[in-house]
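> Before I ask anything, let me first share the structure, which is written out below as structure tokens.
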Amino acid sequence: MKLYQLPPGRHVPEVLTAVIEVPKDSSNKFEYDPEYDIIRLDRVLYSAVHYPGDYGFIPSTLAEDGDPLDITVMIGRPSFPGAVLDVRPLGFLEMTDDKGRDQKILAVPVFDPRFNSYNSLKDVGPHYLREIENFFEIYKQLEHKETIIEDWHDVDEAHKLVLECVERHKDVKGSK
């Protein structure tokens with residue numbers, strides 16, 4: 001089974017599947033290649049920054065930009081490209097980039113007791129949220145691409161977004 005075809009989670013929208021493409025602290029941008037079912041090095045970031053958490057996608061979802069819904073996972077130690085994690089969403093960051101509207105779910109791993117008390121964005125330190133905003137605002141600047149950070153949305157809105165992206169994926173998949 002290809003990674004894109006995995007279910008979106010064990011208990012959608014409360015427990016999701018995150019397929020990790022880029023480990024925390026990496027400046028290598030890996031991307032899943034569904035044609036060959038592998039993860040390729042897409043590029044090395046042009047900026048002197050690194051991913052603030054494990055980064056990847058939620059399978060069997062379709063975001064407005066035509067890709068699976070993006071996800072950043074707060075994690076103590078980096079995992080690896082291709083890792084599949086059960087995660088709990090806390091909220092999402094709304095932004096606009098060269099493809100249009102773009103949302104990034106922020107989640108925590110369900111298997112890490114350090115995050116058991118994290119249930120919404122209110123449980124995340126404001127500095128960490130600013131780190132994520134800063135990363136996504138500047139990581140493409142030296143490529144001459146602009147990203148506009150809009151706002152954070154809490155867990156209830158994240159649940160709605162995930163369900164919308166699951167339905168959009170079903171609609172598109174069903175029409176093929």
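Heads up, residue numbers simply count up from 1 along the chain you see.
Every residue gets a Cβ built from N, Cα and C, even glycine.
Features from TrEMBL:
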BINDING   LYS29, ARG43, TYR55, TYR139  substrate binding site
BINDING   ASP65, ASP70, ASP102  Mg(2+) 1 binding site
BINDING   ASP70  Mg(2+) 2 binding site
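Describe the structural context of each listed feature in the structure shown, including burial, neighbouring residues and relevant distances.
Cβ neighbours of LYS29 (substrate binding site) (same chain, under 8 Å, six or more residues apart in sequence): GLU21, VAL22, LEU41, ASP42, ARG43, VAL44, LEU45.
Under a cutoff of 8 A between CB atoms, and with a sequence separation of 6+ in the same chain, the neighbours of ASP102 (Mg(2+) 1 binding site) are ALA63, GLU64, ASP65, ASP70, GLU94, MET95, THR96, THR147.
If you draw a 10 Å sphere around the CB of ASP70 (Mg(2+) 1 binding site), it holds 22 other CB atoms from the protein chains shown.
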> Around the Mg(2+) 1 site formed by ASP65, ASP70, ASP102, which additional residues qualify by having Cβ within 8 Å of the site's Cβ center?
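Here the nearby residues are ALA63, GLU64, ASP67, LEU69, MET95, ASP97, LYS99, ARG101, GLN103, LYS104.
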> Taking LYS29, ARG43, TYR55, TYR139 as the record's substrate-binding set, what's the max Cα pairwise distance in Å, rounded to a whole number?
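Answer in Å: the longest Cα-Cα distance is 15.
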> List the other residues in this chain whose Cβ sits within 8 Å of the Cβ centroid of the substrate site residues LYS29, ARG43, TYR55, TYR139, in sequence order.
VAL22, SER27, ASN28, PHE30, ASP42, LEU45, TYR51
> Measuring CB to CB from TYR139 (substrate binding site), give everything in the same chain under 8 Å that is also at least six residues away in sequence.
LEU45, SER47, VAL49, THR147
